[in-house]
């Protein structure tokens, strides 16, 4: 019974494989024919191709007119997150409440941390800072000068004084020379401890908000403090902002405040170390760090050009290709620019995560160049330019189509996600991959065709002179001399210029059991005899062609160093039985370390600190704020909404009263600063000024009294502070909404933040069920992202893996082979996730993006090797060696260029660039290990049968010989077949 089931299963698999082989053959033949035709057209009109490509790029670059950068707080927030829904509700009722712009100044004793600053010199220096930065500063906007009083947030609608909070309020901001007349430190302490010291709303000043590191005496009086804090509030104007998200006047003011504070710190500070902290300063520092890191791109492009020039260098003036490195990079630049212009024209906004994309496109794009140059050198150089370029693109075009398609799929799946940052990143990079691919097979191939013409002219002696250094001395001789040279007789003039007598492309004959995936460029132009097939001629440059150095003979088809490394030296290490044992032991050890790292890695994201460069003065400001003023705490606003029909806020006062106690009871909420409830303060006012006979249990006795007294209280100095905390209905007979404020405990990590968000939302609903209690904080944008990042990662990684698996299934036309490639992808992603802990990285939105794109990058290496293995004939051992020999060199070249493109990021300062460097570097290592080392070993043991296998029994025998180069594998080592991978 079991045997019958297995038999049916094998028949089903064989049937599916047969269908897949037919599909793959059809696609492969169609691609090969198309690229052969395109290559011939490019060879005929290279300049037209180059000009048309350039004009296409120029047309797309026009899209930069619509270029727009997204700097919103919701970049890393899922679009359907609760915080975004809540923000819409708040912005519809509380004008400007989501744009509360606050600038904070901090000061501590210079070079003497922990010393008292409540001294005469400390207060006087703080006053000088205030005068310079706030009182005396001016900014110009639209031809008019604005002072602080013109842009500050007023206390209330009935009081135009600026809303501020500072220790200098105890000295009336020196309006009457109070600071200038200070004579002793005791006078400073007396002013601070004065019971009449109030804030702008005439409430007792909360000392913890303006002083840090407070020391109190036995009587409770403040005797010392270690830090000052002062706050100013700037009024955001929707009218000035218009369609933009930012108020240009306020932006200029924030920049001016930051510049003047840093100038004061640099030139005027004598006793205090002063800092300024606000969103504009943090954004400016982060942007500056990104811009400095982006400059590394220039170094990266230079390194790539130099490396390509060295790699493409040939010991022959005729076959020299170093100069093509420049045009390869230009093709990448044009492709990236055209893609970015087109995506911008489609309305997709640029964001800070996309800054790293030019490095990715450079590394991925230059791989295509090496494949095209490699397949060009594999062409019979006796053929004409047209035949060589057509053959090059027929073989190489199919290869880079496969890699570009898998990369495109892996990136584009990220577009169908809820994260704005990932959507934009995927759109820009996926389109960039597509356009870089297009410009490689058009723009770059045009220059390769021109260079092929140069080769031909040089070999025939055309140029500046008959026997010039870039020409060929043998051109001074006749045909008989050439026939006596070490090079085989040249093709006729017609064949050299027209590609032979037969330019029409005919696909190679199908091999039994195969799918015609191996394409031989000599087939369509110059069939060779059986003798030549069994012993291919050694094509060399004639002795008369000058070479810069080394041997007098140059073989353009000689293996490169990377080909020797992957095809000769590596198989000798990993394919013998002892090599396989070592490879499996290394893989087991690496996987164990990765799994251990997976169990240790945790979720966290701190953009405020991490998006600043190391050594930034703002980091010191944040540290001071966190140490003394609760900078790690999250302000959380509790909103109540419109009451149900038939009831009012008067009827639901119990819910208003329950909110503070319910929220503060949470294990995540802090008692200091205290929870601020407008309702509690309103009741205190009512109980203080209204007759007890008019009250019921200390509350207003009727709906009319409730509303009348509330309006009355809001017009008092104390009540004016909460004018923006309540929203009336149009006829002011009831409230539509209200707001209270509390503070969380110090931030721990992302998991803690997710629990905090869930807890306060639940408690807000519980405390005010009829008023639909709602908890909101701007930090919840990030916290909601934390909550969904795990599910988003799993969904996108699985989607990308399935999409790539389908492509591999069609490409390889074999289920076991596709599953092996998928296994390599999974191992790469597991290794990368575990590596995050070892690299001191956390799981967050940034690292999530890299985990998704890892699928596309890792398949490039494994897919090529698996396809070469399926094409080869012989035992599994021989086919594994064949795969390494015929594609391993190109894979290593591609890996090295990707490394080179990102290695410059090792000097980056911004968190995004540093994270991308660490993970991309590790990804390439993992992809190379699994694609070029571990996969060939697995294939040599359990690899599926070859497409061309005439004897399945032979293919099953992979262990009867550990053939390696120089032993029993001579036939495979010396094969000259060209694999279209």
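Residue numbering: from 1, along the chain as shown.
Including glycine, each Cβ sits where the backbone N, Cα and C put it.
TrEMBL lists transmembrane segment at one of the ranges 5-25, 26-46, 47-67, namely 47-67. Per TrEMBL, the listed range annotated as transmembrane segment is 845-870 (candidates: 819-844, 845-870). Range 486-539 is the one annotated as region 'Disordered', of 486-539, 540-593, 594-647, 648-701 (source: TrEMBL).
Scored on C-beta pairs under 8 angstroms, the neighbour of the transmembrane segment (919-942) with the top count among 47-67, 294-312, 845-870 is 845-870. Contact between the transmembrane segment (294-312) and the transmembrane segment (428-450) is not supported, since fewer than 3 Cβ pairs fall under 8 Å when only residues 6 or more apart in sequence are counted. Ranked by number of Cβ pairs under 8 Å to the transmembrane segment (389-416), the listed stretches 47-67, 428-450, 845-870, 891-913 are led by 845-870. Counting only same-chain residues 6+ beyond the ends of the transmembrane segment (428-450), those with a CB under 8 A from a CB of the stretch are 35, 38-39, 42-43, 46-47, 49-50, 52-54, 57, 60, 324, 327-328, 330-332, 334-336, 338-340, 342-343, 348, 350, 354, 357, 360-361, 364-365, 368-369, 372-373, 376, 385, 389, 392-393, 397, 400-401, 404, 407-408, 411-412, 414-415, 853. Beyond the ends of the transmembrane segment (845-870), by six or more residues, the same chain brings 76, 353, 360, 364, 367, 399, 402-403, 406-411, 413-414, 419, 421-422, 425, 429, 517, 605, 785, 789, 792-793, 796-797, 800-801, 804, 808, 811-814, 817-818, 820-821, 824-825, 828-829, 832-833, 836, 879-880, 882-884, 886-888, 890-891, 894-895, 898, 911-912, 915-916, 919-920, 923-924, 926-928, 930-932, 935-936, 939, 943-944, 946-947, 979, 981 to within a C-beta distance below 8 angstroms of the stretch. When averaged over the domain 'SSD' (293-450), pLDDT in the model lands at 85.
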